[in-house]
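In TrEMBL this protein carries:
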- 315-356: repeat 'WD' (REPEAT)
- 441-482: repeat 'WD' (REPEAT)
- 483-524: repeat 'WD' (REPEAT)
- 525-566: repeat 'WD' (REPEAT)
- 567-608: repeat 'WD' (REPEAT)
- 693-734: repeat 'WD' (REPEAT)
- 735-776: repeat 'WD' (REPEAT)
- 777-818: repeat 'WD' (REPEAT)
- 819-860: repeat 'WD' (REPEAT)
- 861-902: repeat 'WD' (REPEAT)
- 903-944: repeat 'WD' (REPEAT)
- 945-986: repeat 'WD' (REPEAT)
Amino acid sequence: MKQHPIGTKISKSQVYEAFNEQWIDIRVKNIAAKLSELRIQTNPRKIKASLQQYCQDLAFEMFIQENQVATENHVTTHINEKILSKLDPTKETEIKNENEKLELKIDNMRIFIVKTRDVWEQYFNGDSIAKYVLRRVGDNKYQFLHKSCQEYYVAQKIVFDIISWKPNVVGVNDQQFQQQFETHIPNLSINCKLLNEELGIIQFIAERIHDNNPIFINLKSRLFRIIESSKNSENVNVAAANAITILNSANINMNYQNWSNIKIPYAILDRAFLEGTNFSNANLDHVRFVQACLNKVNFTNASMNDIYFGEYACLEGHSKKINGIQFSPDGTKILSYSTDKTIRIWDALSRKQLNVLKGHSEEIHIALFSPDSSKVVSCSDDKTVFMWDIPSGEQIQLLKENSWDVRSAEFSSDGSKVVLYSWDETIRVFDLSSGEQVQLLEGHSDRVNRAQFSSDNSKIVSCSDDKSIRIWDVFSGKQLLLLDGHLDRVNGALFTSDGLRVISYSYDKTIRIWDALSGQQIQMLEGHTDDINGIQLSSDGSKILSYSDDTTLRLWNPLSKKQIRVFEGHSSGVTKARFSSDSSKIVSISYDKTIRLWDVLSGKQIQVLEGHSDIITGVEFFPKELRILSCSHDRTIRIWDVAVEKKIQLTEGYLDTITRVQFSFDGSKIASCSVDKTVQLWDTQSGKQIQVFEGHSDRVNGVLFFPDDSKIVSYSLDKTIRVWDVLSGKLLQLLEGHSEWIWKVQFSPDCSKLVSCSADKTIRIWDISSRRQIQLLTEHSDDVNGVQFSPDGSKIVSFSYDNTIRLWDVLSGNQLQVFEGHEDAVEGVQFSPDKSKIVSCSWDKTIRVWDVSSGNQLLLLEGHKDAVNEVQFSPDSIKVVSCSDDKKIRLWSASTGKLIQRLKGHLDCIYGVQFTPNGSKIISYSEDKTIRIWDVSTGRQVQLLEGHNGHINGIHLSPDGSKLVSCSGDKTLRLWSCDNGKIIDVTETSLVKCAWRMGIQSGLSMKGSIWKNAKGLEDQQKVFVKQRDGKL
């Protein structure tokens, strides 16, 4: 059995390879032992090879026949002569006596054994060798040990079919090689049948693409050749579709390919990276593009019948953040409400906008349909509550005006009343026929968070920040019961459908069930570890669904008091969750900007829907269709299919936002870190993952290489600094001491020390060789945001939320200077290259230049309209560049403080800006998902790098200036290169493109894609393409 070094990442294919080899080895030994007893000589190696080939052929035949059970008759009928020769070995010589040689021909291998005809027949003749390698499940019926074993052998056959082919003549050129290979492709097993329903087979083959075994070295290139061959032949469509699906499963970048005229119908390109690829005149019928990156893709004249995106055209109309959505009770309409002060009514079937309800003068924070779907009630920050008639779109009642701040409303089940609850600690009941207030319910001592009618409309239950729940009589206005028990604010309370129970949830992390008649607490459900944001009852009332800031959803049985299931997958707090109409599925949304679909019975995650670029504020199941509706602060209302996701991608990559990225000093490697608690190492040339460093227990904020590139330093919110060995991936050092999150770590210029700063208000200096803390600096009074060594390593400058900058002596730990003047948190500091000055930037919108020796402020640079996020000296110390949340970059004179250039182009907050080493260019990155390169002398933008689907968190220029790496909230990192030189030398005519992207594509994107004369697109798909910035 093949041995792997300790720490080696073993693929599923390698595990199955080892298992199945061992399984066959045991069988070969058994056969050899029995034959040895009879003094029959055998060649175990050749027997093993023939058994393996037999398994591959039989597994593939079972795959073709769509049957997991093979019978001897079935095998004899369908398996070719090669297999039959193994079932009944051909006797090549005339048998003259009992001890003559027999020749067994198996796949051109000759196994000579000495035996009598009768003895050989006793073990093999007329007897399926299936019994030696398969599991018998009945008379003459055999199965592989597990379906996955069958999938493994099918994959092996397909792979070896592809890689074992050789050209007729050695030394042919690439074109000749391709021509010869193309004649062979129709006969390959990969061309027999689509693999789409056999994701296990796809993934086994995909893993071989990354296998270090040299026999698989040509697999990837030959799959590309198979795709290329479909340009010239209709007979290889199946092979081409399978090949591109496998490459996608292996997370192979397929960007900027010239695939005009290829034919890949039914290919699975979910989450594929296809940026810039040419699909003109291609046959893409029935291809899946769910969550794919289609930016700059050319689909001109492509055949696209029945293509599948997994989502549909958005409901367009709102101009600002959308706060919520709701289906009408009859399921025919959708309402949405927004900070743009409007409510919009949509037809649920046609998706057309029916009405725009205007009247509020401020943001609308709630709007609800009446039970008969004919009216809408709305509440706004303008302190008004309006009632609207849906058919006419007219405002029919003003229930309240400009006196108290209503947070929400609820209709009675008969639609005759509305209850309004407020932060003024009151609850008010209005009669809708008269529009008059009929009850004022007072008793809560803090803001009211929820109020709801009982099903018979005789009572109201309310809850409050005062930690209490109260039940009121609607007709008399009297408080009937006070339910005490929660230890923190009660976020919500509701009656069960029979009115006999009240269920409440609280910031005390508990759910409590109360008797609605006596007020006694019946049950307390515990399990959540953070604030509970909401609950919902299943349609039959038998289950309670809860969701929390602890990132989980939980399902409870209220009768048994037991937690049935925990749904885990979100990386941030879950803000809303809903049952489907039959309660078989759950949909949830989170601050992580994802929508997740769950199966209630199994607890498994079915889908992850990504694409919203801001907080998702609402999600609902369509009442009559297998679809999901969502809305977001990104101003979109999206429609998604409810489907089982085809998770074909291998899991290599990040599970969450990538926070930082760094080139090694020799430029050959890239290190990155993430919210998912891991550090990963990548090969710069190929993008291949080299190592995964695991050990941090919280978000990793940053990563640094040692100057000799032999080690990596990472730091985290888990309060630790870790030193890792690059080659082995082992943890070498663990530096502990900080009591809160670590924000920044930096090497001293001679790399003998590390300096770190933390939310614990301290700065610590560490000696690398001894692993000891040698200085503790404690003068800051708030979080220390950052720290930097002076160029000669003798001093440290630190900056903090306490609005100050401090200068320290490294040797003594003494504070040398305090630079005071900023009026808000200091966000960035840098020494000038000549060490004489410090430049700083702050949330107070200013930049300041300080004299290091005296501590005096030399310059105050004003002009930014919002927080300044980064500032940097030019390499010659003559200029200063700054960037801000005001979307602007400013270039200043470092000597006079005068503004030299204002660089405009970014559409959102700019997080970072830096000079190139020669000072001729500026590189910036932003919340707007772009990286921009600017010419310093002219102030003009010379390059716009687009492709990330999330905000850019960091960039790093390679040491030689030839490449740029970026990381993003979209969970990917990208390597950018220039077609005709280095990144630092680009001009407006240079072509800078993504060389590779690592990570799993999140969200469907098609910006700049071309769909001219694309055939087969439905009308709604054309609208969808336009909405996503595609060009028809």
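Placed from the backbone N, Cα and C atoms, the Cβ positions cover glycine too.
Secondary structure of the repeat 'WD' (315-356), assigned with DSSP and counted as helix (H, G, I), strand (E, B) and coil, comes to 0 helix, 22 strand, 20 coil. Beyond the repeat 'WD' (945-986), the same-chain residues lying 6 or more positions past its ends with a Cβ under 8 Å from any Cβ of the stretch are 275, 293, 295, 610-611, 613, 653-663, 665-667, 670, 672, 674, 682, 684, 687, 908, 911-912, 914, 916-918, 920-921, 923, 925-933, 992-1003, 1005, 1007-1008.
Here the repeat 'WD' (777-818) is broken down by DSSP into helix, strand and coil counts: 0 helix, 22 strand, 20 coil. Listed by sequence, the residues of this chain that lie at least six past the ends of the repeat 'WD' (903-944) yet keep a Cβ under 8 A from its Cβ atoms are 613, 866, 869-870, 872-876, 879, 881-885, 887-891, 950-955, 957, 961, 964, 966, 968, 970, 976, 983-984, 986-988, 990, 992.
Within its own chain, the repeat 'WD' (861-902) has Cβ neighbours under 8 Å at 824, 827-834, 837, 839-849, 908-915, 917-919, 922, 924, 926, 928, 934, 936, 939, counting only residues six or more beyond its boundaries.
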